[in-house]
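The active site, proton acceptor annotation in TrEMBL covers LYS191. According to TrEMBL, the feature NAD(+) binding site maps to GLY11, ALA12, GLY13, ALA14, TRP15, GLY16, ALA140, ARG255, LYS272. Marked as NADPH binding site by TrEMBL: TRP15, ARG35, LYS108, ALA140, ARG255, LEU273, GLU275. The substrate binding site annotation in TrEMBL covers LYS108, ARG255, ASN256. According to TrEMBL, the sn-glycerol 3-phosphate binding site annotation covers LYS108, GLY136, SER138, LYS191, ASP244, SER254, ARG255, ASN256. Positions annotated as domain 'Glycerol-3-phosphate dehydrogenase NAD-dependent N-terminal' by TrEMBL: 7-159. According to TrEMBL, the domain 'Glycerol-3-phosphate dehydrogenase NAD-dependent C-terminal' annotation covers 180-315.
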Amino acid sequence: MSDFARIGVVGAGAWGTALANAAARAGRTVTLWSRDPAAAAQMTAMRENPRGLPGVALEDAVQPTADLADLADCDALLLVVPAQACGPVAAALGEKVPPGTPLVSCAKGIERGTGAFMSEVIARAAPDLIPAVLSGPSFAADVARGLPTAVTLAAVDTDLARALAAALGSASFRLYHSADVRGVEIGGAAKNVLAIAAGIVAGRRLGASAGAAITARGFAELLRFGAAFGARSETLTGLSGLGDLILTASGPQSRNFALGLALGAGTAADGKLAEGAYTASVLVAMAQTRGVDMPICAAVEAVLAGRLSIEAAIEALMARPQRSETAGP
Ligand SMILES: NC(=O)C1=CN([C@@H]2O[C@H](COP(=O)(O)OP(=O)(O)OC[C@H]3O[C@@H](n4cnc5c(N)ncnc54)[C@H](OP(=O)(O)O)[C@@H]3O)[C@@H](O)[C@H]2O)C=CC1
Ligand SMILES: O=C(CO)COP(=O)(O)O
C-alpha cells in the first residue's frame, strides 16, 4: 500500500486549511486547492489563508493552487468543501485524477434531495475513486495550530483506512481507523443538528441542566438513527458521534452551536457555514422513512424552517408522553 506521500486537499476553507497543515506536520507534501485563483495567489504570497483561517501560518510543505489538474499526481485526496457541494466537486475530481485514488470526505452532512451520505455521494459522482471518511472532534482553529485531538478515518477496506490514518497522523493529530464508514459519517452529520439544539437552549438561557438534558436525549436520537441506517453503536459512542457532540454542543466556537445561540437569543446569525442547517430537513425526512423518532431534530428543523416558535418547540418537547428512557417498555 502507498505511503501517501503526496496529499491533495480540495477546498481551502477553515477545515481544509487546518487539514493541510496537519498533513504537512505528518510529513506529507500537500497541495491545497481553492476554487478561487485570487485566494490561491493570496495564500501563496502571504503563506496564510486570511479568508479561510486567518492568523495561522501555512506549513512550508503546503502548496496552494487553483488548478484541479495540480491534484492529479496526489496519492490521496481530502474533500473539504461543504457537504452540499461534494457531489459536483467529486465529479470534477473524477475527471482529473487517476482511478483508484482515495477520496476522503471530511465534510459533515447529508446530501439534500437524495439523502445520500458523503461516501455514497463520492461513489455516485466519482465511481473510479475510492471513498473514505474522516470525522471527529476537531475545530479547525485547534488543529491548524497543532493543538492535540483525535479523529476517526473509515474506509470499507480496513488496510486502506489504516494506511491513510498512518499517513495523516502526527504527534498532535491522532487518527483511529475504522471500517464503519456509515457510522463515522452519520456521527458527523447528525451531531451538527444537535449542536444547533444545544445552542438554542443556551441562547434562550434555559440553564445548564437543560443543555445537558437536550444533549443526552439528542444523542439517543443519533443512536436510533445510526442503528436504523447500519452504523455500529461503538462508532457512535466514539469520536465521530459522542466525541464530536460533546465538543460542538459545548459552546459558540462551534458554528452550529453559534447559529442555535443566535436563534435562541433572537439575534442575527454570523453567516458562517453551519452544516446542521442544511442537514436537518434531510435527516428528519430520512428518519421518518424508517420510523425513527427524532423529536429534537424535528423541532430544530421546524424552527429553522420558521414553522415553529422556540417557545412552542420547548413546550411540545416537554409535553411529550412519558416513556421509558430506553427502547423497552
Ligand atoms: N471548520 C471546522 O472546524 C470543521 C469543519 N468540518 C466540515 O468541513 C466542511 C467544510 O467546512 P469549513 O472548511 O469549515 O467551511 P468554510 O466555510 O470555512 O470553507 C468552505 C470552503 O469550501 C469552498 N467551497 C464552497 N462551495 C464550493 C464549491 N461549490 N466548489 C468548490 N469549493 C467550494 C469555499 O470556497 P469560497 O471561499 O470560494 O466560497 C471555502 O473555501 C463542512 O462540512 C464542515 O462541517 C469538519 C470538521 C471541522
Ligand atoms: O465539526 C466540527 C468540529 O469537530 C466543527 O463544528 P462546527 O461546524 O459546528 O463549527
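Just so it is clear, glycine is given a Cβ too, placed from its N, Cα and C backbone atoms.
Features as recorded by TrEMBL, highlighted on the structure.
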residue	record	DSSP (3 states)
GLY11	NAD(+) binding site	coil
LYS108	NADPH binding site	coil
LYS191	active site, proton acceptor	helix
ASP244	sn-glycerol 3-phosphate binding site	helix
SER254	sn-glycerol 3-phosphate binding site	coil
LEU273	NADPH binding site	coil
Quiz item: Which binding-site residues (ARG35, LYS108, ARG255, ASN256) fall within 10 Å of LYS272 (NAD(+) binding site) by Cα distance?
Solution: ARG255, ASN256
Self-check item: Cα-nearest neighbour of GLU275 (NADPH binding site) within the listed recorded positions, GLY13, SER138, ALA140, LYS191
Solution: LYS191
Exercise. Taking a cut-off of under 6 Å between Cβ and any atom of ligand 1, tell me which of the binding-site residues LYS108, GLY136, SER254, ARG255, LEU273 pass.
Key: LYS108, LEU273
Quiz item: Reported as an integer number of Å, what is the Cα distance between TRP15 (NAD(+) binding site) and SER138 (sn-glycerol 3-phosphate binding site)?
Solution: 9
Quiz item: Counting Cβ atoms within 10 Å across all protein chains shown, which of the recorded positions LYS108, LYS191, ARG255, LYS272 comes out on top?
Solution: LYS191
Quiz item: Within 8 Å of the Cβ centroid of the substrate site residues LYS108, ARG255, ASN256, which other residues of the same chain have their Cβ?
Solution: ASN192, ALA195, THR248, SER254, PHE257, LEU273, ALA274, GLU275, GLY276
Quiz item: Do you see any of the binding-site residues GLY11, ARG35, ARG255, ASN256 whose C-alpha is within 10 Å of GLY136 (sn-glycerol 3-phosphate binding site), and which ones?
Solution: none
Quiz item: So how many other Cβ atoms are close to SER138 (sn-glycerol 3-phosphate binding site), meaning within 10 Å of its Cβ?
Solution: 25
Quiz item: What recorded positions in LYS191, LYS272, LEU273 place CB under 6 Å from ligand 2?
Solution: none
Practice problem: Over all pairs in GLY11, ALA12, GLY13, ALA14, TRP15, GLY16, ALA140, ARG255, LYS272, the listed NAD(+) binding residues, work out the largest Cα-Cα distance in Å. | Solution: 18
Quiz item: Given that the record lists LYS108, GLY136, SER138, LYS191, ASP244, SER254, ARG255, ASN256 as binding sn-glycerol 3-phosphate, what is the largest C-alpha to C-alpha distance among them, in Å?
Solution: 15
Self-check item: Cβ contacts of ASP244 (sn-glycerol 3-phosphate binding site) (under 8 Å, same chain, 6 or more positions away)
Solution: LYS108, SER135, GLY136, PRO137, SER138, GLY187, GLY188, LYS191
Quiz item: What is the interatomic distance between the Cα atoms of ARG35 (NADPH binding site) and GLY11 (NAD(+) binding site), given in whole Å?
Solution: 7
Practice problem: In three-state terms from DSSP, label ALA140 (NAD(+) binding site) for me. | Solution: helix
Practice problem: Determine the mean pLDDT over the domain 'Glycerol-3-phosphate dehydrogenase NAD-dependent N-terminal' (7-159), rounding to the nearest whole number. | Solution: 98
